[in-house]
Amino acid sequence: MEHASQIAFGRMDQCGRLAGTHDKWDLLAALTHAAAEFELSHRTLGVLKALLTFLPERALSAEPDSAIVFPSNRKLMERLNGMPESTLRRHLATLTRLGIVSRKNSPNRKRYARHSGDDTALAFGFDLSPLARHAGQIFDAALAAKARAEHLAVLRDRVAVLRQQLMDLADTAADLLETARKLLRRKPCEAELTRMAAALQEEIASRTPEDPPRQTALPARQMSGSTGQNERHIQYSIKKDSDSEEPHAEAPCSDPVRAEAEDGTAEKASDLSTVVRACPEVQSYYPGRLRSWQDADRIAEMLSPMIGIELPVLSDARAAMGRKDAATAVMCILEKLATIRSPGAYLRRLAQKARAGQFSTAPMLNALLQKGQRAEIVS
């Protein structure tokens, strides 16, 4: 995909076709995800959002000159919470230079409109139609950015798991463990994460006995609850979705070992149904879409920015407690959103507890279930 600086952004394609209409807020959200691709800062996007608020309709037409807004700099500064005019001019120039918006200047370079009855006959200002004309490229760039972010999240999780494995093997290699810890506290690139994963794997391999004790699988009916937990611990040590804080009580299952092999999350459907019963609020956002732990993970990722949890915070929680528990925690936070001042800080504290071995989703779910039962009794 060509970079924004290499394309005729804001123009029609070679065949002169137009892209129809698109929801302006969907376009802004996609452009936000692909901000790095188009060299856009969050403040420039804020100025674009302010311009879009002056367009009454949600549908943004691709027809040239069909989406002209004409706010004064003073009005824009008010809508941007007092942004200095020099800063506003700089961001407007960036949007124009990149072709995300285009200017339609009046003879005296003022922004205004001439009306004929109830219709706008002539308008001078900023034309927002280039957004709609290149919606396809914007959405493609957003998908590519999301895929890159997911890939980086997987690499981060892998480094976190390998680091924990090395910590469990020995108290030495302190320098490598500290380097990995510092790496996970910032936003490393793919190459850095790949190198760190390779270094951790090499160190783990050098410390792993060549002939580890052979483990004999026992029939499920002969395994006690604690034995099942030990087996889970062995199997989960190389899986991201494991949780040492998981409650020891097992859900009814005739063959837990086989169930874990078939389901990478090592969770039973009954556990997911418990989350659904405890957190009904998520259904109002995504009705009928929570059918598996993969669905829960995706929904948590979509919900997090909506409720004030930044994606790096969610990624950190996944590394600390596993994707399953992180998704559960996000849905519990949504359920208690009215009483939580800072959802992002709240999830960060839960991740810290998980790293200290002091976190379980069971108390959160039980409290929500009891609250729901009391509400049913009252009603």
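The backbone N, Cα and C atoms fix where each Cβ goes, and this holds for glycine too.
Per TrEMBL, these features apply:
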type: DOMAIN; residues: 17-173; note: domain 'Plasmid replication protein C N-terminal'
type: COMPBIAS; residues: 204-213; note: compositional bias 'Basic and acidic residues'
type: REGION; residues: 204-269; note: region 'Disordered'
type: COMPBIAS; residues: 230-249; note: compositional bias 'Basic and acidic residues'
type: COMPBIAS; residues: 257-269; note: compositional bias 'Basic and acidic residues'
type: DOMAIN; residues: 272-370; note: domain 'Plasmid replication protein C C-terminal'
Helix, strand and coil counts within the domain 'Plasmid replication protein C C-terminal' (272-370) (DSSP): 75 helix, 0 strand, 24 coil
Local confidence of the domain 'Plasmid replication protein C C-terminal' (272-370) - pLDDT mean: 89
